[in-house]
């Protein structure tokens, strides 16, 4: 999708485009799409980014100079209109030509701005590239290489700027979008490095960064900033010369600020640097409320996002239907709490309200249900299975049962406890003396709530003689 705009960046960006016959028409068109995707977030102009294209062919050719297309619309159309030249892959010649044009006022290049070369190649060249590439890097050009073929890794890693893991990419031509964001970030790091610029932008703050111009001993910086539509509200901060960054906070959301950095040096004169930064729209918290870990008398409430602009939260909860409400206060640094002392098997309405430092409030509600307390088994029954033996069986209990515990308290003899899995709903009870009355209890076991046992008394009939038979003496 569309990338956020990359402003406050100044540099000359040159594409070295393989336009030779070793590249298919399909590959050439895919590389052109990739070039525009790379450029899309940047702003263009004499104080921003300027770009140009040089074809690799039998003889190098400049498609257009740096200062010809200074808007996104015209530049995109110019890239679309670029035609493949065919011919040989004389990359060395093209690099020598690029060195000349990157520092040429005739080609629209500017002195004292960062220079970036992006070379997209299928990995093949008919002439030597090592010497002209080294000359470019010696003159301060940062070289990014994207290989869409089977290029020699050692040769290309030596040609790219160091370290190669940041400046060299191997990717199939159909997978070029995978590296677009990473390559944009790399280019931005180069062309923003020598200028005041803003990073970590939120709805109420951003961090300013600038190159190290002073030291603790040689001076200090004055920072001035104000909304562009109300420059009379200018604010000023001073920091020591050892600083290279500063966070500006308590800013208005969706507002563009004009910022000036004035180096106050007692050794050299440094011109002021300026930039613009636009804060994001005010985030709303809570935007999501989640209920979890429900038990019969409690549940866990969490919400997101967690914002610095929120001073605290109020969690209101009450049963439905009903109009009794209780309140929990939660510190603004936390985004969850446990609601306790609730009624089992009850639906609650939970409302989380964020109280902003500005005095504003935002709320979001959700429903939560407590579990049934102590769910128990049903229909405990017995079946005579022979002398002194009974089969106890029951219907399953509600909820997520982990198992059942069966206790038998014998009138004579020891008591016993059996544990069975949740799929088992019967056990054999042995050693029950005839003529005795015994107590059998079955209790379900749960993870997060107690189970209620179901008990029954069972009487073992005394042994009797069958009619018509006598025991042998």
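Note: Cβ is positioned from N, Cα and C throughout, glycine not excepted.
Listed in TrEMBL:
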type	residues	note
DOMAIN	12-191	domain 'VWFA'
DOMAIN	192-283	domain 'Fibronectin type-III'
DOMAIN	285-374	domain 'Fibronectin type-III'
DOMAIN	376-466	domain 'Fibronectin type-III'
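Note: the domain 'Fibronectin type-III' (376-466) comprises 0 helix, 49 strand, 42 coil (DSSP; helix = H, G, I, strand = E, B). This prediction places the mean pLDDT of the domain 'Fibronectin type-III' (192-283) at 87. In terms of DSSP secondary structure, the domain 'Fibronectin type-III' (192-283) contains 4 helix, 42 strand, 46 coil.
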